[in-house]
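Read the structure below first, then the notes.
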């Protein structure tokens, strides 16, 4: 049995934890948005969705500071009936926060789909995905979250100065609980798994094609690789060694000395390549780093939100007697709150473009050779698409 002192200690601990979470989320997500706004090379469509994710988490952090750190006991008896009902339905119920959860999930799905289209359908991406369509797509999660979560204030009731959810029927609660779990958790997870699986397969296929094509091209001329034949009976595939045109239509290169052959057969090191030769490889590395970063964001989202979603589903199915002041509920919600402040740390330690932008904003050093891909990206939308698609 909990004593008043125990309850006070638990409440104080939670308020301190919420304060820390809120402050970290406020500072971290604010920093992400500041860097994206200050560094022109980071103003890409992908980063538009990443910035939108940070904006949602920033607003969630502010709400956490305001709603959880203050005294949560609202005296409804001192409020007028109409205003009291409004406060109960839209504030005490945490409707806005849960709506932002839906918005965050929806935006994360859009961010995942944006990368999928860019990698799997690059031509469609360059032709159809514009700043206008991306901006509309970034606004949609906010609207969808506010609309979808309207059921939550709808089931709340203010009676005798108490604000609480009143489902009125067990089967209605069960149906709504299943819909919530499927829409807010199962569908996003399935979409992200399918999409990232498709992205990985596509990238592996591109790497295989790139290696195969390089093996068939002459490193000097860029034409199909020619093998010097010593057997004249090989017909059209035989190449002369005097530089004349052969029967296959390709002009053979003069025979190389043994030293030249050994030097030409040695693979070129990355540092020996020119900037133009290295651009495709750099572009592939940039794309791969972005995808790895976003995959980690999606994975952390699943870890943070799964316990809370499962607990709420069991509660709605009447399979678990949930105490909204108990340790299980508080632990699940606290883990979910971690998701609002952890993404900036992922960007800082994993997302190389953000790292360079962070160094540029705070004058901590110059960017490396990958920045050669950034030239002019903010002046031409097509160039942005070509670089990050």
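Note: Cβ is positioned from N, Cα and C throughout, glycine not excepted.
Looking up the ranges 115-133, 134-152 in TrEMBL, the one annotated as transmembrane segment turns out to be 134-152. Range 16-37 is the one annotated as transmembrane segment, of 16-37, 214-235 (source: TrEMBL). TrEMBL lists transmembrane segment for one of the ranges 270-292, 293-315, namely 293-315. Remote same-chain residues near the transmembrane segment (327-349) are listed as 14, 17-18, 21, 24-25, 28-29, 31-32, 50, 53-54, 57, 60-61, 64, 101, 104, 293, 296-297, 300-301, 303-305, 307-308, 311, 355, 358 (criterion: CB distance under 8 Å, separation of at least six residues from the stretch ends). Among the stretches 49-69, 134-152, 293-315, the one making the largest number of Cβ pairs under 8 Å with the transmembrane segment (172-196) is 293-315.
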